[in-house]
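Chemist: Can you keep this structure in mind? I'll have questions shortly.
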Amino acid sequence: MKKITLIRPDDWHCHLRDGSYLPRTVADIAAQFNRAIVMPNLVPPITTVQQAKAYYDRIKAHVPKSSNFEPLMTLYLTESTPQQEIKAAQQSGIIVACKLYPAGATTHSQAGVKDLKAIYTLLETMQSVDLPLLIHGEVVDYAVDIFDREAVFIERELLPLVETFPQLRIVFEHISTKIAVDFVLEAPSKLGATITPHHLLFNRNDLLSGSIRPHYYCLPILKTSEDQMALIQAATSGNPKFFLGTDSAPHSQTKKQSICGSAGIYNAPAAIALYAEIFASQNALDKLEGFASRFGAEFYGLPLNNSQITLIHQPWQVAESLPFGNELVVPLFAGQTLQWQIKSHEHK
């Protein structure tokens, strides 16, 4: 197959950052996706509807005039989030979910939740107003090996949470293990999962074998080849529980190529091309539209996009680096050749 036309896709998990970084991040996401769920882990985090509305306006100010891109906002849950804020979020018209970060699990998560049971009252409210919960599913216990933190989170936290709140819609974000795939497959339909391009493309050998590759360092950390294959099978299966979420998370080149480098991969400039490469490698391009354009929207109860994109099998080279505020960001596959690219955007 040399060409494929899709309903314009959405990104159900991305980081746009703020301030001088927005011109870069918004343009790169808007070039491919019609909507994107924007993570709230700024400094300070987006914990109120008022803050979310202000951030929404800052993002919209950088949407190219040729684009219909719509940011879908989230609230950052803390142990002191008022119940009224949950109700206000549900009625806001711009907030589609609340995000649970275990405190210290990832970038700018220090204000996150230390004890999940401390927010059970908030989760009851979210369940009653049907506001989805997005979860970074890793424990932060230093005694737990970093490669086991997702699996331990499932056992300690997620399983009891799903049993306690059977009507709460939950997205298990950026899953990275076979254990997570199996859990999602067995869970009720109220639970879905996003899968990133980098967890499909790489495993921990790519990160650590021979030399350390800081631009492959992310959280959850890359796992085994067996985990990678389970994720590929899930993404390309056509099962609506699994949908696209890039977790595109830019850091400046100096922060990535550092003695203490930041976790996060900037895959936005080539995201849909990367997914196309993966699906093509599995002879599953016919399943790409479901994963990229249908299943996430259906999970959130949102209409499908009324525009299309066409991807063509034609080599192109990813930039070595890109302007990022007053700095540079190195995109995933920098300087390398990819086989798929967007040809056109078509509006019905």
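Cβ atoms are placed via backbone N, Cα and C, with glycine included.
Straight out of Swiss-Prot:
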type	residues	note
BINDING	His13, His15, Lys99, Asp247	Zn(2+) 1 binding site
BINDING	His15, Leu16, Arg17, Asn41, His136, Leu219, His251, Ala263	substrate binding site
BINDING	Lys99, His136, His174	Zn(2+) 2 binding site
MOD_RES	Lys99	N6-carboxylysine
ACT_SITE	Asp247	active site
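I'd like these features described in context: how deep, what's nearby, how far apart.
Modeler: Secondary structure from DSSP puts His13 (Zn(2+) 1 binding site) in a beta strand.
Taking the Cβ of His251 (substrate binding site) as centre and 10 Å as the limit, one finds 26 other Cβ atoms among all the protein chains shown.
In sequence order, Lys99, Leu100, Tyr101, Pro102, Ala105, Thr106, Ser109, Glu173, His174, Leu219 are the residues of the chain that are 6 or more apart from His136 (substrate binding site) and have a CB within less than 8 Å of its CB.
Counting Cβ atoms from all protein chains shown, Lys99 (Zn(2+) 1 binding site) has 25 others lying within 10 Å of its own Cβ.
Under DSSP, Asp247 (Zn(2+) 1 binding site) is assigned to coil, being neither helix nor strand in the three-state scheme.
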Chemist: Name, in the order they occur in the sequence, the residues of the same chain whose CB lies under 8 A from the CB of His13 (Zn(2+) 1 binding site) and which sit 6 or more residues away.
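Modeler: Set apart from His13 (Zn(2+) 1 binding site) by at least 6 residues yet with Cβ under 8 Å, we have Ile37, Met39, Leu134, Val171, Glu173, His174, Thr194, Thr196, Gly245, Thr246, Asp247.
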Chemist: According to DSSP, collapsed to three classes, what secondary structure does Lys99 (Zn(2+) 1 binding site) have?
Modeler: strand
Chemist: Given a 10 Å Cβ-Cβ cut-off, pick out the one of the binding-site residues Arg17, Asp247 that has the most other Cβ atoms nearby.
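Modeler: The residue with the most neighbouring Cβ atoms within 10 Å is Asp247.
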Chemist: Note down the number of other Cβ atoms within 10 Å of the Cβ of His15 (Zn(2+) 1 binding site), including every protein chain shown.
Modeler: 25
Chemist: Between Asn41 (substrate binding site) and His15 (Zn(2+) 1 binding site), what is the CA-CA distance rounded to a whole number of Å?
Modeler: 8
Chemist: If you draw a 10 Å sphere on the Cβ of Leu219 (substrate binding site), how many other Cβ atoms land inside?
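Modeler: Total other Cβ atoms inside 10 Å, all chains included: 22.
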Chemist: Provide the number of Cβ atoms within 10 Å of the Cβ of His174 (Zn(2+) 2 binding site), excluding the reference atom itself.
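Modeler: For His174 (Zn(2+) 2 binding site), the count of other Cβ atoms within 10 Å is 26.
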